[in-house]
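Undergrad: Supplied in structure tokens, the structure appears directly below.
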Amino acid sequence: MEDHYGYMSIKNMPMSERPREKLLSFGSQSLSNAELLAIILSTGTKDRTAIDLARSILNTSTEGLRGLKDCTIEELSQVKGVGLAKASQIIAAVELGKRISLTTKVNNYKIKGPDDVSNLLMEEMRYLNKEIFNILLLTTKHDIIAIENISVGSLNASIVHPREVFNRAIKRSSSAIILAHNHPSGDPNPSGEDINITKRLIEAGNIIGISVLDHIIIGDGVYFSMKEHKLI
């Protein structure tokens, strides 16, 4: 229904201009970022179409679409017309995109040194506002089997337990692992706790027969390799 102020719902748009119909007829590549986001949102509000709402969301960051990568539910909910349900839909879609991207990178990816780990994880981890501790599970030839998250939050011995780390490695028949976590401050230099946890995991790995090859700390565009710095 069109009102006196020019508002038109998506249902009253020509079929060829409706996001879902465009996708079905011409493929997802034919849609703009706002149209793709509108499909995820599904509905707009009583006075704004889903496309209008999508444009408002994309305009909340100077980075546009890329800005959604780090948005929180709280930030998205500040956009007029976006409640917890719509914010959750967006966060879920973004997370799926991240996981697909990482899975694509991981396939047949061989680790020859710390640069390879940095190239794989830097863009994903450098802007995180919480510490994330991951392990890279490797074959005997150092091809990546998987990357698994162990903990979220400040790194300490109580949340990074050898049992949890090596249980993942054993389940995936991993011969070796590399530890990786980020420093939200941007400074990748290790803390005493970082070093102690690493040594503890190396000792456990030696007993089990799974080598801990390195511990990479991701900063803002820089990384620290404990192996390179002879800390392990």
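Glycine residues also receive a Cβ, built from the backbone N, Cα and C atoms like all the rest.
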Undergrad: Which single residue out of D194, D214 does Swiss-Prot record at the Zn(2+) site shared with H181, H183?
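TA: Record source Swiss-Prot; matching candidate: D194.
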Undergrad: Can you tell me which parts of the same chain pack against the motif 'JAMM motif' (181-194), counting only residues 6+ beyond its ends and a CB-CB cutoff under 8 A?
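TA: Distant contacts of the motif 'JAMM motif' (181-194): 125-126, 128-134, 155-157, 215, 217-224, 226, 231.
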Undergrad: Non-local Cβ contacts of H183 (Zn(2+) binding site) (under 8 Å, 6 or more apart, same chain)?
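TA: Spatial neighbours, sequence-distant, of H183 (Zn(2+) binding site): E131, N189, I217, I218, G219.
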Undergrad: Provide the number of Cβ atoms within 10 Å of the Cβ of H181 (Zn(2+) binding site), excluding the reference atom itself.
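TA: I count 25 other Cβ atoms within 10 Å of it.
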Undergrad: Please spell out the DSSP helix, strand and coil residue counts for the motif 'JAMM motif' (181-194).
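TA: The composition, in the requested order, is 3 helix, 2 strand, 9 coil.
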Undergrad: Given the model, what does the mean pLDDT over the domain 'MPN' (110-232) come out as?
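TA: Averaged over the domain 'MPN' (110-232), per-residue pLDDT gives 91.
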